[in-house]
């Protein structure tokens, strides 16, 4: 049976070791959240009960949890069943590629917590396997592979600062397929059906943020039609996210290198999505400047 309790925000921050949980906790604390670091999974339910207690003066509580320490998924499921109409309970999952995690562990010269007598990659693989269920149940997944601590803190600030009544925070992210598809994307669109400005000498050094490139890309046959049709298709999706209390969405727009077509289309799509009710939009260009 669900228990009716006040609407405090409760954020559970978890994910891969080395993916940036402590950085996220610090960033949330800077935004005014009350942050509990290294909370044992068994303490989650008492924390949520505290958030719902009458007179609680902590409107935003974040718990940084290491899910390796217990049966976290069953604990979370029990919380959702008990407090189904209670706090705005969200799960933020941080992940990174094996290469990024190996690099970070080698920089600090520490073994992975699950490494045992095996290799560093063995420990990462074991942890990733344990994380499958909780990743799938998370409200927001952030891939930190290409982010330093300052960029990750900025990402958290963009996602969790500002008006609390924004129904869905949408990140429109351009990227280059040659650098890999964003692991944290909810939806991916491929702009390689459009002619590449790279092959036009005067446009090659420019980016999709420049008017000449934007006009070129959006002036191609089917470009404007696609962007407007995609925005119309996303409208009921984002409205459904609001009804289901899914408060974050990442829409990835790709081209070959992430410099021209995907950037121009991301900017145009963002401007259209900003007209939707209950939607707060930010635009990121993941691979701009990598060429």
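Each Cβ is built from the backbone N, Cα and C atoms, and glycine gets one as well.
Features as listed in Swiss-Prot:
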| type | residues | note |
| --- | --- | --- |
| BINDING | 15, 16, 17, 18, 19, 20, 21, 22 | ATP binding site |
| BINDING | 66, 67, 68, 69 | GTP binding site |
Can you list, in sequence order, the residues of the same chain other than 15, 16, 17, 18, 19, 20, 21, 22 whose CB lies within 8 Å of the CB centroid of the ATP site?
94, 96, 144
What kind of secondary structure is residue 18 (ATP binding site) part of, going by DSSP in three states?
coil
Quick one: pull the CA-CA distance for residue 66 (GTP binding site) versus residue 17 (ATP binding site), whole Å only.
8
